[in-house]
Structures are given as C-alpha cells and as structure tokens.
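Asker: Pasting in a structure now, in structure tokens, and then I'll have a few things to ask.
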Amino acid sequence: MQPEYSSLFDLALEACEHSYAPYSKFRVGAALLCEDGSVITGVNVENRSYGLTICAERNAIAAAITAGKKKFKALVIATPDADYPVSPCGACRQVISEFMPPSAPVVFGNSQNSYMTSSVGELLPHDALHELSGELGD
Ligand code: THU
C-alpha cells in the first residue's frame, strides 16, 4: 500500500477490534483523514433488525462531524474478513460524496497487500445534485 495510506489502513484495521458484527461476522473499520491532519475512525454497527445496520464509513463520517470536522482528504477502509478488497456500499457512496470531492482518494482492502485505490468520483459517477451539497461548495 502507498506509504501515505499505510498508517491510515493500520488505524482502520485496529478499529475493527470494536466492530459490532455478531450477525455477519464481517468486521469493517474506516479511517478518515481530516483536513487538519487528524484521523477519525468508525466501525460497522449491526442490529438484530438487520436494516438498521450502519456501515463503518458512515459511522466515521458521523463521528467526524460530531467532532466538528467537515473537510476530509482521504478515506481508508479495512475489511479483514474478506478475501478480496470490498468497496463501500451504494448508500455510503452517496454519504461520502456529501463531504468529499470527486477527486478525493478512497482506499479499501482486506490487508496491506490486497487493496484498491479509487476516488469518490469513480465510486459515484454522474453524481446527481452534487452542487446541492452544503459542504463541498465552501
Ligand atoms: N459494511 C460496511 O461497514 N462497509 C462496507 O463498505 C461494506 C459493508 C458492513 C455492513 C455489515 O455490517 C457488514 O459489513 C456486512 O455487510
């Protein structure tokens, strides 16, 4: 993995320790690099009413917003229980696009040796209503 994402990946992987995934047994950790250089992590939190599950990426973004951070430089996602890199789900792609520009890197992998580097724009092409985002314009 590129050195600039390597420590973010380690933080995302460490966060998996706190993942709450008793139903899928599929742990996910996300590390969000904020514009000020700080890193905020998130994990997936499942629920016995399955549809209420919240993905790691969305929890990281919510935690960052809660901490007063709204601009992000990169998102790195660790999925150690997969045997291939798992990209963000469709709902997360939409939420990510609210706070990160199309050029922002999104890196996802099951290990430091098995990962993909993409971008918000690649993951959500033809982004509808992009200009309505309250955060990207300022
Ligand atoms: N999950 C995430 O947290 N992020 C992803 O990018 C893919 C899916 C979670 C949701 C659920 O807890 C588990 O992984 C299996 O889908």
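Positions of Cβ are set from backbone N, Cα and C atoms, glycine also.
Heads up, TrEMBL stuff is auto-annotated, nobody curated it.
Straight out of TrEMBL:
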- 3-131: domain 'CMP/dCMP-type deaminase' (DOMAIN)
- Asn44, Val45, Glu46, Asn47, Arg48, Ser49, Tyr50: substrate binding site (BINDING)
- Cys55, Cys89, Cys92: Zn(2+) binding site (BINDING)
- Glu57: active site, proton donor (ACT_SITE)
Asker: Could you say whether, by DSSP, Ser49 (substrate binding site) belongs to a helix, a strand or a coil region?
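Answerer: In three-state terms, Ser49 (substrate binding site) counts as coil.
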Asker: Across the domain 'CMP/dCMP-type deaminase' (3-131), what is the average pLDDT of the model, as a whole number?
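Answerer: On average, pLDDT over the domain 'CMP/dCMP-type deaminase' (3-131) sits at 97.
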Asker: Would you mind listing, in sequence order, the residues at least six apart from Cys89 (Zn(2+) binding site) in the same chain with a Cβ closer than 8 Å to its Cβ?
Answerer: Cys55
Asker: For the Zn(2+) site (Cys55, Cys89, Cys92), what does the 8 A shell look like? I mean other same-chain residues with CB within 8 A of the CB centroid.
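Answerer: Here the nearby residues are Ala56, Glu57, Arg58, Pro88, Gly90, Ala91, Arg93, Val95.
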Asker: Can you grab the distance from Asn44 (substrate binding site) over to Glu57 (active site, proton donor)? Cα atoms, rounded to a whole Å.
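Answerer: So the alpha carbons of Asn44 (substrate binding site) and Glu57 (active site, proton donor) sit roughly 8 Å from each other.
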Asker: Looking at the recorded positions listed here (Glu46, Arg48, Ser49, Tyr50, Glu57), whose Cα lies nearest to that of Cys92 (Zn(2+) binding site)?
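Answerer: Given the candidates Glu46, Arg48, Ser49, Tyr50, Glu57, the nearest one is Glu57.
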Asker: Quick one: among the binding-site residues Val45, Cys55, Cys92, which has the most Cβ atoms sitting within 10 Å of its own Cβ?
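Answerer: Counting Cβ neighbours within 10 Å, the top one is Cys92.
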Asker: How big is the gap, in Å, between the Cα of the residue listed as 'active site, proton donor' and that of Val45 (substrate binding site), rounded to a whole number?
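Answerer: Cα of the residue listed as 'active site, proton donor' to Cα of Val45 (substrate binding site) measures 11 Å after rounding.
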Asker: Give the sequence-ordered set of same-chain residues, not counting Asn44, Val45, Glu46, Asn47, Arg48, Ser49, Tyr50, with Cβ within 8 Å of the centre of the Cβ atoms defining the substrate site.
Answerer: Tyr20, Tyr23, Gly51, Leu52, Thr53, Ile54
Asker: Count, for each of the binding-site residues Asn44, Asn47, Ser49, the other C-beta atoms lying within 10 angstroms of its own C-beta, and report the residue with the smallest count.
Answerer: Ser49
Asker: Long-range same-chain neighbours of Glu46 (substrate binding site), Cβ under 8 Å, sequence gap at least 6?
Answerer: Tyr20, Ala21, Pro22, Tyr23, Ser24, Thr53
